[in-house]
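*Asks:* One structure follows; several queries about it will come next.
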């Protein structure tokens, strides 16, 4: 089961809604194939999953 995304950047609604997620999380979900480190203003290390097909759009 894919995790939900609160801040979707681009959604694909051709089937099940899936999106490129803008959420910053303490660690990427184990199923994420493209996890990128994000620099934050607070200095806290956060990550963002950039796998387009991965997240369900929670805010739809």
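Each residue, glycine too, has its Cβ placed from N, Cα and C.
So Swiss-Prot lists these for the protein:
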DISULFID  5-21  disulfide bond
DISULFID  11-19  disulfide bond
DISULFID  28-35  disulfide bond
DISULFID  32-49  disulfide bond
*Asks:* List, in sequence order, the same-chain residues at least six positions removed whose CB sits under 8 Å from that of residue 49 (disulfide bond)?
*Replies:* 21, 23, 25, 28, 29, 32, 34, 35, 36, 55
*Asks:* Pop the Cα-Cα gap between residue 5 (disulfide bond) and residue 11 (disulfide bond) into the table, whole Å please.
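*Replies:* Here the two Cα atoms lie 11 Å apart.
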*Asks:* Work out how many Å separate residue 5 (disulfide bond) and residue 19 (disulfide bond) at their Cα atoms, rounded off.
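*Replies:* Rounded to a whole number, the Cα-Cα distance is 8 Å.
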*Asks:* At a 10 A cut-off on CB-CB distances, which of the disulfide-bonded residues 5, 11, 19, 21, 28 has the highest count?
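*Replies:* That would be 21, with the highest Cβ count within 10 Å.
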*Asks:* Which residue among the disulfide-bonded residues 32, 35 has the fewest other Cβ atoms within 10 Å of its Cβ, if you could check?
*Replies:* 35
